[in-house]
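Below you'll find the structure, written out as structure tokens, and then a few comments.
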């Protein structure tokens, strides 16, 4: 069941869902707009990406804005730090207004029940023009859904409590035996 604005607000006010900082004007009828932080990360020139090995990414902070060039892929993060209870999951959706400019936001937009942290966004500029993005702008929407029952496993993965634009940790999947 997708949560309405009334339920989202009730859950935030009762601390069932944590959103810091919370801006009530970001609440939509069935979602919460999240804002762009000042942290981005990108992968520097590589011959090949070996997913079994840690991949170094350059993380930078910006004061007011950054420009994403045509065909460029980078990671960004939300300003908001969220914490979901064990009975709520969420979907990250790009904003239509940005999609209409050719900016693709996220390709891994699932937030598991029990997740805590800033959300890393995967950004890609499919336009033939550079796009200027500003710190604090509404960048994506978070749609909350209530699970039919408490799961036997809640999220305790490698991105728990992440802050800032967090590069891939897929190499850790290969360490599991």
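Any Cβ shown, glycine's included, is placed from N, Cα and C.
Record features (Swiss-Prot):
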{"type": "BINDING", "residues": "95, 96, 97, 98, 99, 100, 112, 120, 121, 122, 141, 155, 162", "note": "dCTP binding site"}
{"type": "SITE", "residues": "109, 110", "note": "site 'Important for bifunctional activity'"}
{"type": "ACT_SITE", "residues": "122", "note": "active site, proton donor/acceptor"}
(Q) With every protein chain in view, what's the tally of Cβ atoms within 10 Å of the Cβ of residue 122 (active site, proton donor/acceptor), excluding that atom itself? (A) 17
Q: Restricting to the same chain and to sequence separations of six or more, state which residues have a Cβ under 8 Å from that of residue 99 (dCTP binding site).
A: 105
(Q) Rounded to a whole angstrom, what is the C-alpha distance between residue 112 (dCTP binding site) and the residue listed as 'active site, proton donor/acceptor'? (A) 17
Q: Under 8 Å Cβ to Cβ from residue 109 (site 'Important for bifunctional activity'), same chain, six or more residues apart: give me those in sequence order, or none if nothing qualifies.
A: 91, 92, 93
Q. Among the binding-site residues 97, 141, 162, which residue has the largest number of other Cβ atoms within 10 Å of its own Cβ?
A. 141
Q: Report the same-chain neighbours of residue 110 (site 'Important for bifunctional activity'): residues 6+ apart in sequence with Cβ closer than 8 Å to its Cβ, ordered by sequence.
A: 89, 90, 91, 92
Q: Could you state the whole-number distance in Å separating the C-alpha atoms of residue 162 (dCTP binding site) and the residue listed as 'active site, proton donor/acceptor'?
A: 15
Q) Among 95, 96, 97, 98, 99, 100, 112, 120, 121, 122, 141, 155, 162, listed as contacts of dCTP, what is the widest Cα spread in Å, to the nearest whole number? A) 33
Q | Other C-beta atoms that fall within 10 angstroms of the C-beta of residue 112 (dCTP binding site) | A | 18
Q | List of residues, in chain order, with Cβ under 8 A from that of residue 121 (dCTP binding site) and at least 6 apart | A | 75, 76, 77, 78, 92, 105, 106, 139, 140, 165
